[in-house]
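Single-structure report; data block below.
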């Protein structure tokens, strides 16, 4: 990557940052460090303490290939094949949405209800609809050892990835996957039903940032003509699968709070909480009936 005869981490970092900056990448230094660290095993401290550490020809070639993919618009965590979420290291795959930091707000909002259920009964069950990587359910399980969960998804690829993520994070004994179109194959009752469904209007999807629309699965983005179709399905059936005083939690688009609240209200649910994300946008709603 560096083009010099004696490649060092410092030289690789300078060259990688320059290439990404020229390509218009928003955080060229951050992304360059992440990709180089993946190849070399460096920590952030190592970049400061060991800048002259030698890089082999093979490592340099791998770094160059990854930097080029990033320069061409592939998201850095897609290149790495994994991403941190709520303290978990999660694998990504073709048919999984890349977990975003704002979705951690959904996890944190539901934790008190989950722990309350455990304190009352000694255990609790979670259903994560459209589980993808398993991020939401697994993060809740990590924080509550007495809980168990089911991740459902229509995608076999996503379910395989979620199962791998459960195993790599030591949560597989309390997590199972079911291939289901929403509630179609679900049975039993749950203390928490949670979902980060596709909520972007069909006509908006084509205008999304290329890093999103070209690399996240369309099925995880497109929420139908008005972006509300998944919420109608969830609200219509969730009551049949909730225990008494169970909680439904959903992630929403920044402008959907009133519409989604009205949909759930029409099915007898009361709004418990409306929470904003780190950017100050409406992002999470919880309901009970």
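Glycine is treated like the rest: Cβ placed from N, Cα and C.
The S-adenosyl-L-methionine site recorded in Swiss-Prot includes 130, 131, 132, 133, 134, 153, 182, and the single candidate from 196, 214 that the record places there is 196.
The Cα atom of residue 182 (S-adenosyl-L-methionine binding site) lies nearest to that of 197, taking the binding-site residues 197, 198, 199 as the candidates. Each residue in 130, 195, 200, 220, 221, 223, 230, 250, 251 lies on the same chain as 196, 197, 198, 199 and has a C-beta within 8 Å of the C-beta centroid of that substrate site, without being one of the site residues. With respect to their backbone Cα atoms, residue 134 (S-adenosyl-L-methionine binding site) and residue 197 (substrate binding site) stand 13 Å from each other.
Separation of the C-alpha atoms of residue 153 (S-adenosyl-L-methionine binding site) and residue 197 (substrate binding site): 11 Å, rounded to the nearest whole number.
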